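Chemist: Handing you this structure, nothing more for now.
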């Protein structure tokens, strides 16, 4: 298998895979087709063959879908891969029937079949779309892309740049490594790739000018990798998390942590000089690498106006008093293990669960059942206390609604849809149950979800 170090030493500054052209749709346009099908792209270094993938519309990542807030998305998704599939519109607060979760909100799209997605886009922000069927394999093979919803009164910037971060595990022949159901991946940190990508490229580069103001939309599409990022030659403010605007911009921290499925919007001024490079840097145990490079040409060094907050999205105020409450205990995985748990309606011991590829439990239950974690009436506040009693991190994602973390002093954090839970950590989230339906709550380390970490919230 390729190692990341070996790959980096052989990689060149060019890549055949690029972010696909924008595919914007006006509100009154007829549905367009988004096709999931086999394709190939040059991911491994020269000398290796192109890698066989499954992608949307033949590109890695899939086409950038860009709309205005309030538009309707109308897409006929055609399944030309040999497995059932679906599309989840990650972070968008939409009708439950359009959420794209097989067995919960829709039947899977069988090979050769088509499913019509049609919904309004109430929220501006940075989102993404991805397969939600056999997602450990299908997302790894390339079935994902960016979904951008622009504000009617968007901030003035010189460039609006999507940086879709991913990793992929290749074998020695440059193909996507199998198997996808490894017991090690399922019971440890998840499927971590040995090749890191930005917009489908191993060496992403975009020319900018000194003094440019950039909007950088960072999306983590990796199966399990937690990206730790830094900036060089860029003076940046964080303006949104998981698509939701902050009440006031905040200076970007020295290190930005982006868990699987999370997004960060930055407004960044280019402070590197003419002939220099600005960088988004990815840090891992081996050091720092250029995740994205911005060669800088002559411009102006004049100071820019302070960064203003983005326009707020529709608000559903959270009232903590009188909220419905639930707890979510995460158990299992390597180094802790499960002595036993409920699975498919019966009590199973740890060995039996492991033989079935199940290593994680939520409240003593492996996998999603027909019983919700909590049921709330429309408009009620829900509070969920979450405890990670495992040796690994988990990126917990709620579909259909955004939540705030309840801080120790009782104040509310910014709205998010995915929360990174460190080993041994206890956190609490709260949200207003404003969107009727059954909404998945699961770990977005995709191997963990496949191995038991999923439940749902019912809003009636």
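Cβ atoms are placed via backbone N, Cα and C, with glycine included.
This is the feature table in TrEMBL:
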type: SIGNAL; residues: 1-26; note: signal peptide
type: DOMAIN; residues: 40-152; note: domain 'Plastocyanin-like'
type: DOMAIN; residues: 191-270; note: domain 'Plastocyanin-like'
type: DOMAIN; residues: 358-458; note: domain 'Plastocyanin-like'
Chemist: Roughly where does the domain 'Plastocyanin-like' (191-270) sit in mean pLDDT, to the nearest integer?
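Modeler: Value for the domain 'Plastocyanin-like' (191-270), mean pLDDT as a whole number: 98.
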Chemist: In the domain 'Plastocyanin-like' (40-152), how many residues does DSSP assign to helix, to strand and to coil?
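Modeler: Across the domain 'Plastocyanin-like' (40-152), DSSP assigns the residues as follows: 9 helix, 53 strand, 51 coil.
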Chemist: Quick one: DSSP breakdown of the domain 'Plastocyanin-like' (191-270) into helix, strand and coil?
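Modeler: Across the domain 'Plastocyanin-like' (191-270), the residues distribute as 0 helix, 49 strand, 31 coil.
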Chemist: Summarise the domain 'Plastocyanin-like' (358-458) by DSSP state, stating how many residues are helix, strand and coil.
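Modeler: Across the domain 'Plastocyanin-like' (358-458), DSSP assigns the residues as follows: 5 helix, 53 strand, 43 coil.
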